[in-house]
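These notes are about the structure you will find just below.
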C-alpha cells in the first residue's frame with residue numbers, strides 16, 4: 001500500500017515538473033516523503049528514487065555501514081580495488097588520483113572577514129580578519145567538501161558548504177565557497193524554466209541582474225487589495241540537514257506592535273515599517289539557514305490537482321554586506337547592474353567563532369521585502385526580492401542593536417512622472433499667459449500717469465504669487481491624487497513607492513514658499529500703502545466755534561480696526577488643525593498603507609502628510625469663509641457695511657487711493673442731517689433716516705474712482721505745499737493742512753471747482769476692461785457697498801492663507817512636527833499683522849492728517 005501511494009505521488013510530481021517548463025511551476029509537499037527509497041532533490045519540486053542499493057537517510061541517500069563507490073555510485077562492503085582509497089570516517093571509496101588532485105587543489109587555511117563590526121549603537125564599523133574555529137568549521141568544511149564532491153546526491157554535505165559560504169557573506173575566497181565552485185564548476189540547465197536555477201546543484205546565487213530577474217514572469221497570480229500573501233522558508237540546520245518548510249509569519253518581524261496588527265505586513269499592497277532595538281541572538285539558540293519562497297495558488301484545470309494548488313517561487317536575496325574580490329560592497333552602490341543576488345541567508349551566526357576570542361556573532365539588522373507592481377496590470381507583481389543587512393557584534397557588547405523590518409511596494413513611475421511633467425508644462429503656460437494678460441490689463445487700467453513704482457511692484461508681486469501658487473497647486477493636486485487613489489479606493493490603482501520617488505516635491509514646496517514670501521510681502525506693502533483723505537461735511541453751528549475732531553478720530557480708529565479684518569482666525573485655524581492632527585491622532589492617515597485605518601507604524605509619508613494637512617487646512621478656511629460671510633455677518637452685520645453707516649452718521653467721506661489715479665470714494669454725506677455732533681437719541685434717528693436727495697452722487701455709498709491726472713497732481717501738490725509751509729514744531733500744521741485739503745475736496749465733490757467728474761453705473765465688464773477715459777474728467781463709478789474691502793487685508797486674505805499653509809507644510813514635512821509649523825505660522829502672521837497695522841496708521845496719520853497719539857492701541 002505504501003509503495004502504491006509513493007508511486008502515485010511520484011507520478012503527480014513528475015507531471016508537475018513537466019508542466020513547469022511552460023508555466024513554470026514549483027509544487028512541494030513534504031508529507032509525501034515516506035518509505036526508504038526516495039529523497040528530496042535539489043529542485044524541491046518532486047522526489048527521486050535513490051540509486052540502486054542506496055537507501056534514504058533523512059534527506060539524502062547513503063549506504064549505511066557500507067562504502068559508497070564515488071565513481072559508479074554503488075554500495076560495496078570494502079574498498080580494496082587498485083587505484084582506490086577508503087576514507088573511513090566518511091565511508092567513501094574514491095579514485096586515488098582524483099582524490100589527490102582535489103585535496104591538493106582545495107585544502108587551505110580558512111579565513112573569515114568581518115567588515116561590519118560595531119561596538120555600540122552609533123559606533124563606526126570596523127574590520128577584522130581571523131581564522132574560525134578549527135573543530136567546528138575548518139575540518140567539517142574539508143570533510144563535507146570531499147563527500148559533496150564524490151557523492152553529489154549527499155545534499156546534507158553540499159548544504160553544509162552552502163551554509164558556510166553564506167555565513168562568510170559569499171566571500172569567493174572563503175574555503176566553502178571555493179569548494180562549491182570547484183565541485184560545481186559550471187551551471188547547467190534552467191530548472192523549471194527559471195533562468196538562474198541550475199540543475200542538480202545548489203541554487204546559491206543568481207548570474208543575472210536584479211532587473212532581469214524581476215522581469216521574469218515568475219508570479220502568475222492576481223491579487224486583491226489587502227489579500228494575505230504567504231512566504232515559505234526552507235530551513236536547514238548549520239550542519240546541512242534539511243528541516244523542512246515552514247510558513248513565514250513573525251520570524252522576521254520582531255518589533256513590538258499590537259497583537260492584532262502583527263501580520264499586517266502580509267496584506268497585499270500594504271507598506272510596512274518597523275524599527276526597534278532587538279538582538280536575534282536572544283531569540284534563537286541555534287544557527288539555522290533558510291531559502292525563502294513566495295507562495296501563490298496556481299489555478300489548474302487538471303482534475304488530479306483540483307481547482308488550485310500551492311506553488312512556491314524562489315525569490316532572490318540582495319545582501320548589502322556582500323563584497324566582491326576587490327572588497328567593494330557592490331550591493332550598497334547605486335548601480336543595480338552590478339548587484340549580486342543570492343538565495344540562502346541566516347538570522348544569526350554564533351557558530352563560526354564559537355569558543356574563540358573575541359567571539360563575534362553576526363545578526364540581521366535590516367530586512368526589506370520589495371514588491372514591484374506591474375504597470376500593465378496593477379493586481380499582479382514582478383518577482384519580489386529581499387534586501388538583507390547584517391551587523392557583527394562582539395559577545396562582550398552589552399547594547400541592543402537597531403533592527404528594522406520593512407515591506408515596500410513600488411512600481412514603475414515613468415508614466416506618472418511624464419504625466420506630472422506634461423500637466424506642469426500646461427499649467428505653467430496657462431499661468432504665464434494669465435500673468436501677461438493680467439499685467440497688460442492692469443497697466444492699461446491703472447497706469448494713466450506713466451510707470452511708477454507701485455504698478456511695477458504690483459505686477460512683480462502677481463508674478464511671484466502666481467508662480468508660487470502654481471507650484472503649491474501642482475504638489476497639492478498630485479498629493480491628493482495619491483491620497484485618494486491609494487488610501488480610499490478598494491481597487492488597486494496605484495501603490496506607494498519608496499519616499500525617495502517623491503523627493504522632488506519637497507524642494508518644490510520650499511521653492512513655492514520662497515516665491516510666496518516675496519509676493520506676499522510685496523502685497524502687504526502695497527495694500528497697506530493706501531492714501532487716505534477725509535472730507536468732513538459738518539458745518540459749525542455758530543461762527544468762531546470749531547468743529548469737533550472726535551468724529552474724525554473715531555473714523556480713523558475704525559478704519560485702523562477694519563483694515564486687518566479677515567473671515568478667518570489664524571489662531572482658531574492652528575488650534576483646530578493641531579487638535580485634529582495630534583489630539584485625534586488623524587495624522588496616522590499618512591501612514592503608507594492602502595487603508596484609512598489609523599495604524600501607528602512609527603512612520604508617515606511626507607507626500608501624504610502634505611496632502612492631508614492641506615485638505616484639512618483649506619476645508620477649515622472654506623468653513624470659516626462661508627460661516628462668517630453668509631451667516632455671522634448676515635446676522636450681526638458686516639464690519640465694512642457698519643463702517644459705511646458710521647461714515648454716514650458722522651458726515652465724513654473718505655478718499656482711498658490705491659494708485660495715483662485709482663481707488664474708492666466712500667460717500668458719507670447725508671443731506672437731511674444738519675449736524676452730526678448730537679446726542680444719542682438724535683444719532684439713532686439720523687441712522688434710520690433715509691436720504692431724500694436727488695443728486696446722483698448721493699445715490700450710492702461707494703464709488704470706484706478714476707481721478708484725472710491733472711486733478712491728482714493738484715491734490716498732491718496742495719498737500720505737500722501745505723506740509724512744507726509749516727515748521728515741524730508748529731502744532732497748528734496738521735489742523736491747517738486738514739482744513740485746506742478738506743475745503744478743496746468738498747468743492748470738488750460739490751462740483752464747485754474747475755475739475756469735474758462724471759458718475760457712472762457699475763458694471764462687471766469694467767473688471768476686465770482697460771479703464772475709462774479720464775483725459776478730461778474724473779470718473780466715479782457706483783460700486784457694491786462692500787467693494788472697497790478688497791483694498792485692505794481682506795483683499796489678500798486668500799493669498800495669506802495659502803502662504804501660511806505652505807509655510808506650515810514646508811516645516812512639517814521637514815521636521816515631522818505640526819507644533820513647530822503652527823508656532824512659525826503664528827509668529828509670521830503676527831509680524832504681517834503688525835506691519836500692516838503700523839503702515840495703515842502711518843498712512844492715516846500722514847494723509848488723513850491725524851496725530852498718531854489718537855490711535856487706540
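Glycine residues also receive a Cβ, built from the backbone N, Cα and C atoms like all the rest.
Those TrEMBL annotations? Automatic predictions, nothing curated.
Feature annotation from TrEMBL assigns signal peptide to 1-19.
Sequence-distant contacts of the transmembrane segment (419-443) (same chain, at least 6 residues past either end, Cβ-Cβ under 8 Å): 451, 455, 458-459, 462-463, 466-467, 470, 473-474, 477-478, 768, 770. The transmembrane segment annotation in TrEMBL covers 419-443 (among others).
Same-chain neighbours of the transmembrane segment (463-486): 420, 423-424, 427-428, 431, 434-435, 439, 493-496, 505, 508-509, 511-516, 518-520, 522-523, 594, 607-608, 610-612, 614-615, 799, 802-803, 805-806, counting only residues six or more beyond its ends whose CB sits under 8 Å from a CB of the stretch. The transmembrane segment annotation in TrEMBL covers 463-486 (among others).
Within the same chain, residues 454, 457-458, 460-465, 467-469, 471-472, 474-475, 478-479, 605-607, 610, 796, 799-800, 802-803, 806-807, 809-810, 813-814, 832, 835-836, 839 sit at least 6 positions outside the transmembrane segment (502-526) and bring their C-beta atoms closer than 8 Å to a C-beta of that stretch. The transmembrane segment annotation in TrEMBL covers 502-526 (among others).
The transmembrane segment feature in TrEMBL is assigned to 567-590 (among others).
Among the features that TrEMBL reports, transmembrane segment is placed at 610-633 (among others). Within the same chain, residues 475-476, 479-480, 482-483, 505, 509, 567-569, 572-573, 576-577, 580-581, 586-587, 589-590, 639, 641, 801, 805, 808-809, 812-813, 818 sit at least 6 positions outside the transmembrane segment (610-633) and bring their C-beta atoms closer than 8 Å to a C-beta of that stretch.
Summarising the annotation, TrEMBL assigns coiled coil to 666-700. Each residue in the coiled coil (666-700) has a pLDDT score, and their mean in this model is 68.
Look at TrEMBL and you will find 794-814 (among others) tagged as transmembrane segment.
Annotation source TrEMBL lists transmembrane segment at 820-836 (among others). For the transmembrane segment (820-836), same-chain residues at least 6 beyond its ends with a Cβ under 8 Å from one of its own Cβ atoms are 520-521, 524, 527-528, 563-564, 570-571, 574, 577-578, 793, 800, 804, 807-812.
Tertiary neighbourhood of the transmembrane segment (794-814): same-chain residues 465, 468-469, 472, 506, 509-510, 512-513, 516-517, 519-520, 523-524, 527, 565-568, 570, 577, 606, 609-610, 613-614, 617-618, 621, 640, 820-822, 824-825, 828-829, 832, selected by CB-CB distance under 8 Å and a gap of 6+ residues from either end.
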